[in-house]
């Protein structure tokens, strides 16, 4: 039994750990540079830059960390998850090497842009791969593991960046990132399986027209999936994949141009818009704080110097508590509601009440941080930590609850009209497409907030910008209520359109 548990943990832990480590690394490279800005005049004395200009090094990374998914996701739907993850982690590794060797601001800025492109697939293709592997009643917890890596990445970078640059120098922060990126590349090559397979079920003797259509289109199966698949009244057996087979590749499927157009169609889902705004507001706030926070701690009256990155400790604590909250409730509420009221049938809106309390805390966290930053001194730094932690607590919920809502709403849309054996195929492509639009808007808002916030805080103080950010986050949060109350009707209204897009 112990040996069986060991191999079970290897079989599931490595494929889950690969995307999680990739998410950690991609976001670690984003946040590690912020505490080093205070040493820029000493490192590059002949190239003085303002804080506003230095903030662009983070803003450009965040922009491409989301925007690059406009091609990563269509490519992953066309040629498979695994080759895209290999390409992306390879680009991340070599662009990080470029950052380490850069000798000017302009060169570093270009390298940071490519570094963001290389890390972009961590926010879309990686969670789509996790969705491929785990069934619906386990997906929330699996996404919670992924999310804690996603959230801890920039926080760990922010904490360690100050110590690394003060003790070992500017270039060392990029050499550390290079080691992490290279480890990520090796992990993806040897441990992350391909999960987007199309299997054609035999149609001989099938009389059910729906089953014939299903056999014609084929079924996407998880790489660890069942050993048998039903088609009409028939049962077809498949042998389990070996380790080597799981690391194979698939032939490109369908039209690549169609895959590039497909993500924009998901804007017809109201749920996509709500999750986009939630995620954009939360990530925008966290990126802004991770950029501004170390500069506040390095300035009077605090003068924390190498310890400036410790502003992220509160965020780590908030993220851990948020992880526990999400892990306990993300799937439990869904399963409990389905088993008690619908004979095991889940509705996507059952997850949404889990968001109410975290979104309320996150909105308050932006306000707390802004007012404490406006009035520095004494123990105001504690308020900065608490506000930051409230925000990361809220962020923990969106990938686990919001992303699964978008995924599950696609499933429920289709179950009204079609045979259940089509569900996995439709879920895979549309969920990844929804993730694409979510991350693109997230990156645009985070870029805009980071781009303007340094000058805004300098001219008006921190209370005004963070007060406005809190107001926007509050408005985004309130959109959850109509989605909870009327989401099912909205899904039914868009179901026929979804089927038409999918070619059914």
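Glycine is no exception: its Cβ is also placed from the backbone N, Cα and C atoms.
Unlike curated records, TrEMBL annotations are generated automatically.
The domain 'Major facilitator superfamily (MFS) profile' annotation in TrEMBL covers 1-504.
If you look up TrEMBL, you'll see 21-40 (among others) marked as transmembrane segment. Within the same chain, residues 48-49, 51, 54-55, 57-58, 61-62, 65, 85, 89, 92, 96, 115-116, 118-123, 126, 146, 149-158, 160-162, 164-166, 170, 173, 176-177, 180-181, 183-184, 187-188, 287, 290-291, 293-295, 298, 305-306, 308-309, 312 sit at least 6 positions outside the transmembrane segment (21-40) and bring their C-beta atoms closer than 8 Å to a C-beta of that stretch.
Positions annotated as transmembrane segment by TrEMBL: 52-72 (among others).
The annotation transmembrane segment is assigned in TrEMBL to 84-103 (among others). Packing against the transmembrane segment (84-103) from elsewhere in the chain are residues 18-19, 22, 25-26, 29, 72, 75-76, 110-112, 114-115, 117-122, 125-126, 129, 171, 174-175, 177-178, 181-182, 184-185, 188-189, 192: each is 6 or more residues past its ends and has a CB under 8 Å from a CB in it.
The transmembrane segment feature in TrEMBL is assigned to 109-131 (among others).
Per TrEMBL, transmembrane segment is recorded for 143-166 (among others).
With a threshold of 8 Å between CB atoms, the same-chain residues lying at least 6 positions outside the transmembrane segment (172-192) that come near it are 14-15, 17-19, 21-22, 24-25, 28-29, 32-33, 36, 81-82, 85-86, 89-90, 92-93, 96-97, 99-100, 118, 129, 160-161, 164-165, 247. The feature transmembrane segment is assigned by TrEMBL to 172-192 (among others).
The feature transmembrane segment is assigned by TrEMBL to 267-289 (among others).
The feature transmembrane segment is assigned by TrEMBL to 309-330 (among others). When Cβ-Cβ distances below 8 Å are used as the criterion, the transmembrane segment (309-330) is approached by residues 31, 34-35, 140-141, 143-144, 147-148, 151-152, 154-156, 158-163, 286, 289-290, 293-294, 296-297, 351, 354, 358, 365, 381, 384-397, 400-401, 404 of the same chain, each at least six residues removed from its ends.
Here TrEMBL flags 351-371 (among others) as transmembrane segment.
Annotated transmembrane segment per TrEMBL: 391-418 (among others), in sequence order.
TrEMBL lists 430-454 (among others) with the feature transmembrane segment.
For 466-486 (among others), the entry in TrEMBL reads transmembrane segment. Under 8 Å from some Cβ of the transmembrane segment (466-486) lie the Cβ atoms of residues 270-271, 273-274, 277-278, 280-282, 284-285, 288, 349, 352-353, 355-356, 359-360, 362-364, 366-367, 369-371, 373, 449, all in the same chain and six or more residues away from its ends.
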Run the contact check on the transmembrane segment (109-131) against the transmembrane segment (430-454): 3 or more C-beta pairs under 8 Å, excluding pairs closer than 6 in sequence.
-> yes
When counting Cβ pairs under 8 Å to the transmembrane segment (267-289), the leader among 52-72, 143-166, 430-454 = 430-454
On the domain 'Major facilitator superfamily (MFS) profile' (1-504), the mean of the pLDDT values is 76
Contact set of the transmembrane segment (430-454) with the rest of its chain, CB cutoff 8 A exclusive, min separation 6+ beyond the ends, reads 50-52, 55-56, 58-60, 62-67, 69-70, 73-74, 76-77, 120, 123-125, 127-128, 131, 262-267, 269, 271-272, 275-277, 279-281, 283-285, 287-288, 291-292, 295, 403, 406-407, 410, 465, 469, 498, 502
Where else in the chain does the transmembrane segment (143-166) make close Cβ contacts, counting only residues six or more beyond its ends and a cut-off under 8 Å?
-> 16, 19-21, 23-36, 39, 122-123, 126-127, 130-131, 172-173, 176, 286-287, 290, 293-294, 305-313, 315-316, 319-320, 322-323, 326-327, 330, 392, 395-396, 399-400, 403-404
